[in-house]
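S.K.: This is the structure I want to talk about, given as structure tokens.
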Amino acid sequence: MLQKNVIGIILGFIFMVMTFLYTRGIFTPFFAFMIVLLLFIAFLKEESRVFTWVLITFFLGNLMVGYASQFLERFRLSAFSFVMFNQLLLLIPIFMIRYVLIKFKRKMSSYFGRPSVPSSAQVIYLILSIVILLSFPILLYMKKMPVNGQSFLYILVFSITYAVLQEVLWRGLLLPHLRLTAGNKIGVVMTSIAFGFNTSLFSQTFTLTILFILIGLFFAIITVKTKSIYPTIFLHASIIALLLVSGLMVLPV
């Protein structure tokens, strides 16, 4: 068990480092780590081997997303259509990871099921949901923003699409397998750090990276506690929508 956890922690550390290198465009050491994983995968026990293949397909999928995004630039798409197609490209690593799990006869994570919320926490979740929903009209009033049906629809579609794909990938697929390989608490922390690196792709600010790591940790804890990604999809979509409504995040429409 100790050896399994040590190997899992090493794999989790490699995952974090490779995510940082890839998102910052430092490709020479990134591909060196990829080669090391491919060379040593045959010597790992099955559970570690499954997770290693998950990591490899995750990064290969992201590389394909990058090339596909460049290919889309050749078409005369509207700015919003281009952004949405780029989001849908996340289906590539999702389906690739799913294929690996099918080949190794692994079941889908239980996090895709109905949320299990303890009765003691139901009131807290209800209050949090009400606060989030009330934030939208308050922000619109403070910003004196006119309610535009088309803009609202764009924000809604983008926020939901972004949240669903991100949560399926990070909390639905990566989190349970890293927890299984490296240990419950360590897996949660490592997934959150990698998520923070990935989400702060266009940020050079250390503070913003830490913020995204903490958000990832919050989402991971909610997922583990409720045994479902559905609450975090709602929270994730709400946060993105609030950022767009507040003007802190701009959506090309």
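Including glycine, each Cβ sits where the backbone N, Cα and C put it.
Sequence annotations record features per position, and here TrEMBL assigns domain 'CAAX prenyl protease 2/Lysostaphin resistance protein A-like' to 150-238. Annotation comment: TrEMBL describes 6-22, 27-44, 50-68, 80-102, 122-140, 152-170, 201-222, 229-251 as transmembrane segment.
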S.K.: Does the structure show the transmembrane segment (229-251) and the transmembrane segment (152-170) touching, where I'm treating 3 or more Cβ pairs under 8 angstroms (sequence separation 6 or more) as a contact?
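M.R.: The answer is yes, given that the two segments have at least 3 Cβ pairs within the 8 Å cut-off.
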S.K.: Count the residues of the domain 'CAAX prenyl protease 2/Lysostaphin resistance protein A-like' (150-238) that DSSP assigns to helix (H, G, I), to strand (E, B) and to coil, and report the three numbers in that order.
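M.R.: Residue counts in helix, strand and coil order: 79 helix, 0 strand, 10 coil.
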S.K.: Between the stretches 6-22, 27-44, 80-102, 152-170, 201-222, which one has more Cβ pairs under 8 Å with the transmembrane segment (50-68) than any other?
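M.R.: That would be 80-102.
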S.K.: Who are the chain neighbours of the transmembrane segment (152-170) in space, where the CB to CB distance is under 8 Å and they lie at least 6 residues beyond its ends?
M.R.: 80, 83-84, 87-88, 90-91, 93-94, 97, 191, 195, 198, 216, 219, 223, 229, 232-234, 236-238, 240-241, 244-245, 251, 253
S.K.: Using a Cβ cut-off of under 8 Å, list the residues of the same chain at least 6 residues beyond the transmembrane segment (80-102) that approach it.
M.R.: 50, 53-54, 57-58, 60-62, 64-65, 68-69, 72-73, 108, 154, 157-158, 161-162, 165-166, 168-169, 173-174, 251-253
S.K.: State the residues, same chain only, that lie 6 or more residues beyond the ends of the transmembrane segment (201-222) and have a CB under 8 A from a CB inside it; answer 'none' if no residue qualifies.
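M.R.: Contacts of the transmembrane segment (201-222) (Cβ under 8 Å, skipping residues fewer than 6 from its ends): 23, 167, 170-171, 175, 188-189, 191-193, 195, 231-232, 235-236, 239.
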S.K.: Over the span of the domain 'CAAX prenyl protease 2/Lysostaphin resistance protein A-like' (150-238), how high is the average pLDDT in this prediction?
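M.R.: Overall, the domain 'CAAX prenyl protease 2/Lysostaphin resistance protein A-like' (150-238) comes to a mean pLDDT of 89.
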